[in-house]
Amino acid sequence: LFPWQKMSLLLAMVTLISAFGSSFQYGYNVSVINSPAPYMQAFYNQTYLDRNGEPMDSNFQTLLWSLTVSMYPLGGFFGSLLVAPLVNKCGRKGTLLINNLFSIVAAILMGTSEVAKTFEVIILSRVIMGIYAGLASNVVPMFLGELSPKNLRGAIGVVPQLFITVGILVAQILGLNSILGNAEGWPVLLGLTGIPSLIQLLILPFFPESPRYLLIQKGNEEQARQALQKLRGWDDVDDEIEEMRQEDRSEKEEGHFSVLNLCTFRGLRWQLISIIVMMMGQQLSGVNAVSGIEFAAARNAASPGLWSLTLFCLFQVFIVESLGRRILLLAGFGLCCVSCAVLTLALNLQVCSWVAQQGNCLWDFQICIYLPGPIPFVMITEMFLQSSRPAAFMVGGSVHWLCNFTVGLVFLYMEAGLGAYSFLIFCAICLATMIYIFIIVPETKNKTFMEINRIMAKRNKVEIQAEKEELKDFQTVPGGQAEKEVSSSQL
């Protein structure tokens, strides 16, 4: 149940530093502007008044605030588009180090915006932070997934989501009116986001790069072996090196995938469809709409849902390796489906005074049971090999952020037009996602990347190049005449 005794101190430290320096800020910036919103809007209006001698029109102020909020997920989409080129050229660790510069620049701009009397830099900084979050949300799971042994890959893959929820919670606590969520403290509240990046920028260079990147993409087996020995805490890493060599051999003729190659390559068809379905299901499950309502209600750190979600993410770190990915995905989307249906009934009927009084608990329940959150990112790491993984994260991240942006943009209109019935749409999406996962998505727990690749190759009805070549060599008779190739069904 708990394979943590096999986790080296170095691997634990690089996991915590990567998640704290990157994923934490993703969560922090999701909710940091909710508590001080009235004071920031007053600053927008006062700045406009000082410049133009007249108050800002209410419609224009609404537009500016909408831009402030929505530029973050839009920036996240643009950040996702940078994943593949950066991780292939600069490596996983190198990309995280470069990414910190986005966060530090944005933090300085936001922290000095009041002194400079400019609200435009806040909107610009939200775009920059979105780019940072778009990169971080994809590169951290990829980096940690490649560093982890197969028996810890799921647990370590959940850690970024844990830090995202911790970031949301810390932003809500610091945003209390008695701390920094006030007229004097909001610039400091926004500027604090640069501190985790600064810590990561100073410490992460001392940790190894992804061994898979070093061996498969850089071709440096010696550096990969040294990095793996440090991460595992022992010298005998021959089995993992051999598994990487097999992966490298199977990809030699394919080369690195672009997004276009990925979308047209038959051998990765079901993997690509699966990550798109899971990412869409994750963001369109209704939890973003519910959490948005929570934040809008300014319930801050008193929200049981936020505390419950943080504790459950911590619990998920320990259960993902025992229960597996598939059961958590099925249970999560199933519970979200039921929750949306119950939420619709409760909001429509409200015949019971207890429901009317305890309605807030339904929001918290929906947040608390959000099981699928980190699993799709873990699955992207596991379902794709080194050559296609950056492009897969680029596609998955783009879908993630576009759906996030869409929910924020459309939900208020859905609520106005459909009322409580808008949650039935989320209910149907969760049900469809659950059915797809049950039929198509395999369990990947405790399997190597090559073992998972073989499972998906059968579903895609294709041959794995390395195995095909090995069989051809095995069946070659003296004189160089080879027997007929083995079909994919025999593999």
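Any Cβ shown, glycine's included, is placed from N, Cα and C.
All annotation found in TrEMBL is predicted automatically rather than curated by experts.
Over in TrEMBL, the protein carries these features:
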DOMAIN    15-445  domain 'Major facilitator superfamily (MFS) profile'
SIGNAL    1-19  signal peptide
TRANSMEM  63-84  transmembrane segment
TRANSMEM  96-116  transmembrane segment
TRANSMEM  122-144  transmembrane segment
TRANSMEM  156-180  transmembrane segment
TRANSMEM  186-207  transmembrane segment
TRANSMEM  259-281  transmembrane segment
TRANSMEM  301-320  transmembrane segment
TRANSMEM  327-351  transmembrane segment
TRANSMEM  363-385  transmembrane segment
TRANSMEM  392-414  transmembrane segment
TRANSMEM  420-441  transmembrane segment
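Looking at which of 63-84, 96-116, 156-180, 259-281, 420-441 has the most CB pairs under 8 Å to the transmembrane segment (392-414), the answer is the stretch 63-84. Note on the domain 'Major facilitator superfamily (MFS) profile' (15-445): its mean pLDDT in the predicted model is 84. Between the transmembrane segment (186-207) and the listed ranges 122-144, 259-281, 327-351, 420-441, the one holding the most Cβ pairs under 8 Å is 122-144. The recorded stretches the transmembrane segment (420-441) and the transmembrane segment (156-180) do not share 3+ CB pairs below 8 A when only pairs 6 or more apart in sequence are counted, and are therefore not in contact.
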